[in-house]
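> Heads up, here are the entries from TrEMBL:
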DOMAIN    6-148  domain 'Lactate/malate dehydrogenase N-terminal'
BINDING   Gly11, Ala12, Ser13, Gly14, Gly15, Ile16, Gly17, Asp37, Asn97, Ile120, Ser121, Asn122, Met231  NAD(+) binding site
BINDING   Arg84, Arg90, Asn122, Arg156  substrate binding site
DOMAIN    150-314  domain 'Lactate/malate dehydrogenase C-terminal'
ACT_SITE  His180  active site, proton acceptor
Amino acid sequence: IKHNAKVAVLGASGGIGQPLSLLLKNSPLVSELSLYDIAHTPGVAADLSHIETRATVTGYMGADQLGAALKGCEVVVIPAGVPRKPGMTRDDLFNTNATIVATLADACARHCPQAMICIISNPVNSTIPITSEVMKKHGVYNPNRVFGVTTLDIVRANTFVAELKGLDPARVNVPVVGGHAGKTIIPLISRCTPKVEFPADQLSALTGRIQEAGTEVVKAKAGAGSATLSMAYAGARFTFSLLDAMNGKEGVVECAFVRSEETECKYFSTPLLLGKNGIEKNLGLGKLSAFEEKLVAEAMDELKGSIKKGEDFVTNMK
């Protein structure tokens, strides 16, 4: 079935927003692309509108056009916010990005309450609780439709494992669970397909590299931003999986940071079976190695703190 999906990108003029919008414009799954940002959106939309694919592109700029941008959208992808600079953690972005995400989530609650909401804006460990609490305030919260996009962690894990083992990265699949910052990022190398084995020291170094891969890019860009192109790719990959599942494709599984009963954390990323209504089934943590069990245990406190920080932000909002 050819599906006519209307997809919005909020933060479409930014470092992630532009390449993400390009990838979405290039997909037959998207029939309408609604681009929103606080500046430059008409230009980005005009530019993309010349591409010879069927998605129609409309640009919206400024707070007064946000509602119109969201009307009728089935999927909303949110990369809006500020990027990391060298020496910054994802949490250092909190004050700026928390306000931006809360504003955008509020608009989604008003104008497309049924839409799937995919949050890219960091710190994801806090911006997902923020989105959920804002939706709750409006009485439209559906935990099966709010996703923290952690796909870049999986993409990186696949790439790094493939490099070390001389495999085709397109055929490697490493589930990554937990959260989306530092040690909350937990790659389940023991569950990689195809099966791979690493000596303990190499496994530890590989895990550390996956956890700190974002910082690797921040350093390499030397003040010019953070991961934008790989994040756009990962954001598009997640969006396409979601659209496929909404179209009735069976067996679509992606990891994402969502409301969860799988651990003692209120939100946790695990493999999810996606369907017409978002999360069809949380596939849970599954079997872990001793090394992975330890990583999960060590991530809990930081994850709980980040979640609470997001919830408290909404509680204290004017």
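Just so you know, glycine gets a Cβ as well, placed from its N, Cα and C.
Predicted automatically and left uncurated, TrEMBL annotations should be read as such.
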> Where among the recorded positions Arg84, Arg90, Arg156, His180 do you find the Cβ with the fewest other Cβ atoms within 10 Å?
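Across Arg84, Arg90, Arg156, His180, these recorded positions, the one with fewest Cβ atoms within 10 Å is Arg84.
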> For the substrate site (Arg84, Arg90, Asn122, Arg156), what does the 8 A shell look like? I mean other same-chain residues with CB within 8 A of the CB centroid.
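So the extra residues in range turn out to be Pro123, His180, Ala181, Gly214, Thr215, Val218, Ser226, Ala227.
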> Select one residue from Ser13, Asn122: among these binding-site residues, choose the one with the most other Cβ atoms within 10 Å of its Cβ.
Asn122
> To the nearest whole angstrom, what is the C-alpha distance linking Gly11 (NAD(+) binding site) and the residue listed as 'active site, proton acceptor'?
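The separation of the Cα atoms works out to 20 Å.
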> Sequence order is fine: just name those recorded positions in Arg84, Asn122, Arg156, His180 with a Cα within 10 angstroms of Asn97 (NAD(+) binding site).
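Neighbours among recorded positions, in sequence order: Asn122.
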> Within 10 angstroms of the C-beta of Gly11 (NAD(+) binding site), what count of other C-beta atoms is obtained when all protein chains are considered?
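A 10 Å sphere around the Cβ of Gly11 (NAD(+) binding site) contains 26 other Cβ atoms.
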> Should any of the binding-site residues Ser13, Gly17, Arg84, Ser121, Arg156, Met231 have a Cα within 10 Å of the Cα of His180 (active site, proton acceptor), which are they?
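Taking Ser13, Gly17, Arg84, Ser121, Arg156, Met231 one by one, none has a Cα falling within 10 Å of His180 (active site, proton acceptor).
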> Looking at NAD(+) and its recorded binding residues Gly11, Ala12, Ser13, Gly14, Gly15, Ile16, Gly17, Asp37, Asn97, Ile120, Ser121, Asn122, Met231, figure out the farthest C-alpha pair and report it in angstrom, whole number.
18
> Once the chains shown are all counted, how many other Cβ atoms turn up within 10 Å of the Cβ of Ser121 (NAD(+) binding site)?
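Neighbour count, Cβ to Cβ under the 10 Å cut-off: 27.
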> Please report the Cα separation of Arg156 (substrate binding site) and Ser13 (NAD(+) binding site) in Å, rounded to an integer.
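Ser13 (NAD(+) binding site) has its Cα 25 Å from the Cα of Arg156 (substrate binding site).
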> Please work out the helix, strand and coil residue numbers for the domain 'Lactate/malate dehydrogenase N-terminal' (6-148) from the DSSP assignment.
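Each residue of the domain 'Lactate/malate dehydrogenase N-terminal' (6-148) counted once, the result is 65 helix, 30 strand, 48 coil.
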> Tell me the Cβ neighbour count for Gly17 (NAD(+) binding site), meaning other Cβ atoms within 10 Å of its Cβ, over all protein chains shown.
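Counting Cβ neighbours of Gly17 (NAD(+) binding site) within 10 Å gives 27.
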> Rounded to a whole number, how many Å is the Cα of Met231 (NAD(+) binding site) away from the Cα of Asn122 (substrate binding site)?
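Answer for this pair: 12 Å between alpha carbons.
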> Which site among Gly15, Asn97 has the most other CB atoms no more than 10 Å from its CB, taking these as binding-site residues?
Asn97
> Measuring Cα to Cα, how many Å separate Gly15 (NAD(+) binding site) from Arg84 (substrate binding site)?
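So the Cα of Arg84 (substrate binding site) lies 12 Å away from that of Gly15 (NAD(+) binding site).
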